[in-house]
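Over in TrEMBL, the protein carries these features:
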BINDING   A:R101, A:K141, A:146-152, A:176-179, A:E184, A:H207, A:262-263  ATP binding site
DOMAIN    A:105-292  domain 'ATP-grasp'
2 protein chains.
Amino acid sequence: MQSVISSNIGIMGAGQLGRMLALAGYPLGNRFTFLDTTGNPSAGIGEVIVDPDNQHLADFLDKVDVVTYEFEHLPVALVRSIEQHKPVYPSSRAIEVCQNRVEEKTLFDRLGIPTPAYRVVESAEQLETAARELGCPVVAKSVTEGYDGKGQAVLKQPEQAHEAWVSIGHSQLVVEAFVDFVREVSMIAVRGRDGEVAFYPMAENQHVDGILRYSVAPLPDLDASVQQTADGYIRALLDELDYVGVLALELFQTRDGKLLANEMAPRVHNSGHWTMNGAVTSQFENHLRAVQGLPLGSTRAIAPTCMVNVIGREGDNAALLALSNTHLHRYDKTERAGRKLAHVNVVAETHAELLDKVRACQAKLPDAPPVSWSFESTL
Amino acid sequence: MQSVISSNIGIMGAGQLGRMLALAGYPLGNRFTFLDTTGNPSAGIGEVIVDPDNQHLADFLDKVDVVTYEFEHLPVALVRSIEQHKPVYPSSRAIEVCQNRVEEKTLFDRLGIPTPAYRVVESAEQLETAARELGCPVVAKSVTEGYDGKGQAVLKQPEQAHEAWVSIGHSQLVVEAFVDFVREVSMIAVRGRDGEVAFYPMAENQHVDGILRYSVAPLPDLDASVQQTADGYIRALLDELDYVGVLALELFQTRDGKLLANEMAPRVHNSGHWTMNGAVTSQFENHLRAVQGLPLGSTRAIAPTCMVNVIGREGDNAALLALSNTHLHRYDKTERAGRKLAHVNVVAETHAELLDKVRACQAKLPDAPPVSWSFESTL
């Protein structure tokens, strides 16, 4: 009986997600080689091949048994060419869908996954018509390269269409109606090479200025049927794409409990970082288990947990560590406005205790916005 | 508010304990430099300075802010000289005591920590006398360099004294009476730079042929007063040595519940590996918090947990990962008889369930001995 695990895992991208994948994978016996094309890797672990000019891809592929990535905005043609040499999980097909809003929404539609009302437009005139039909405000987004709020504009009136069209500067846009949502939530699920699927409990996410600040899971007020509906949506996506690895699906929950899919990401996701201390198996370990063809680990939540992002500037880390059952995850990055530097996972016995502790944590972080959970009044 | 943590931590030794310290320290933002004097490092992480001829100590010290170690059999003079340049935790004094059985037992005596009856002998004749006085069988151990059962002999009769004396070949031995113990237990505790102390729940350890095979904690049948007694013993040691970091104390528990100290180790310890998945804060993270002057994390157990050592040959890792709430920690070492290659942490809701799961785990590991817990009949 020899070990079946002997993988050197290749990761495209060398930021904090790659770093946390590696930290989860060393205990499995994995080794890691990162391919960094930015010239500015931060993983701080494993072997990093810095390759801004795409000169070292063959070296990278020689070293690794399987390839995954921490960033889906990779050229699809590049990923397809890698697939000719080494297994890539999730596949180039997943990347292709996730980096194109029209493909993504078309897939949601085809699988019966509700979304906010939307239109695809290819001119300023079509944008204006769409804004009238959907009812302002609407948000217009470039079809591709729409990472982290770039290439987007909000139209408060249809007459802003021309200005928005010019400012975004793309030939095709998706225009979305605003949703009167109660909360933003996300699903993290994982699918193995054999088709086994496991779902984490749904998390509630609080964004400020388009950046995730807090994720809390599990949700104390979540109807089991809503979780099951979300499980069904993400399972449909996973199975349709013959997906291997962790997939994240962001949704809006409306006042009547309905879920509307916003977007998905074919990778470990910031809204799943709570699983590092709040679930039996973290999203990082499960992603690695999946891409290596190993059995998936339990996705059960251990206790109410909140992930607190540390953005731009770090706080008083010693004071954070003095809070009970509070876990620091630093990314070894220098401070810079808007940069994700670390996160803190706060674990508690009850959601009421958790809220108190997260507020104590917030007080020790500069610029951390007030915590606001949809279910606060029920605690 | 800038982070107070910016340490590059130097670790003397580059085996699995150093590896697991590093894996616990990256999330705190630490970086690691290992000094390996064996020529055969296995940590597989961080920067490793291979220095079998003691040529690179200055390089090592230049790179690090604080020094700790995974192995206490270091020359005391070397550690003292390092202390002239960089803080070393635990101190050379702790190393000095822990690598000398007479110093160790003298300290136990002085602090009122009971031990098995013992004698210090300096000739074969004295050894024979000691064997008669203590009553055979007795175990004779060299005073120094007695790592992992080397330099030891069991005397079934006083007449074996001469043979034992020659086979051990040291000028001073400690002779210990055998203890009719119910179980072997260990205490893991941690003391911060400010004197704060935290105790993990006591673990029961099962050794076979002198090698640890299983550790289980917390213990369902442990009287709170026994835990308090053990806390008091280890606190006395920590305070007396002005100790910083994790200290392990191995004890015997006798039929009447009494604890007798066997030996201690000034480092993270194999019998504390269960804390990686079974406690709020692992022994590795708490050691790093201590040596950096950070607040200690909670040592509370989350759930009944058993650490299963993987020795000599690995098992069916995929099958192990298929067991629920079972966590693999591989050391990235090649197989060799008697070598610690990995451990598996099994977590369960109850001790009865835990026993079943540990037996399932054992069945997937070659050469794993039968599991035997002192409290099995009470489950």
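Glycine too: its Cβ is placed from the backbone N, Cα and C atoms.
Feature map: TrEMBL annotations on the structure.
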{"residue": "A:R101", "record": "ATP binding site", "DSSP class": "helix"}
{"residue": "A:E176", "record": "ATP binding site", "DSSP class": "strand"}
{"residue": "A:N262", "record": "ATP binding site", "DSSP class": "strand"}
Could you please provide the mean pLDDT value for the domain 'ATP-grasp' (A:105-292)?
-> 95
Taking the Cβ of A:N262 (ATP binding site) as the centre, how many other Cβ atoms fall within a 10 Å radius?
-> 19
For A:R101 (ATP binding site), what is the tally of other C-beta atoms lying within 10 angstroms of its C-beta?
-> 21
